[in-house]
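**Student:** For reference, the structure I am asking about is given below.
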Amino acid sequence: MIEINIYYRKWYNIINKPKSFIKKIINTSLIDLNIYEYKPTISVVLANNRLLQKLNYEYRKKNKPTNVLSFPYNKLNKYCYLGEIFVSLDTLINESTDLNIPIEHHTSHMLIHGLLHILDYNHEEPLEQYIMESIEIKLLDKLGIKNPYVPRET
């Protein structure tokens, strides 16, 4: 089950039907990762820089906003509460503008990135980063989104 909390109302102005959009991304990813049948509960909070900066400071001691924060709660098992993913619209807008990509594509990427973190993937070491990015690229491709790690013309 995907629980979606729209903390920052501006999401409605930027993403068409944000709840349906989020469910499509997460469910497509869970199916492709062969874990949909576990029926995990995942909470997604559509937030802003203010909340992400507060959480980033509280949990990571970094006093600045960020694009996505993930909080894993349980290892994957049937019907578990897997974790929470928080995304900041403000940061995603700035980054997608800088990258010259649609906000929907960048949001999809960050949601998948956050999902992989709550599934215990990380990018601390080069091999881990390669594995995580490869999975992101594959999942984004399923959604019709180009590889975000290939430099684009601006």
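Placement of Cβ uses the backbone N, Cα and C atoms for every residue, glycine included.
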**Student:** Write down the one residue from HIS105, HIS123 that Swiss-Prot lists together with HIS113, HIS117 as binding Zn(2+).
**Tutor:** HIS123
**Student:** Rank the binding-site residues HIS117, HIS123 by the number of other Cβ atoms within 10 Å of each Cβ and report the first-ranked residue.
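**Tutor:** Neighbour-count leader: HIS117.
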**Student:** Cβ within 8 Å of the Zn(2+) site's Cβ centroid: which residues qualify beyond HIS113, HIS117, HIS123?
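**Tutor:** Here the non-site neighbours turn out to be VAL68, SER70, GLY114, LEU116, TYR121, ASN122, MET132, GLU136.
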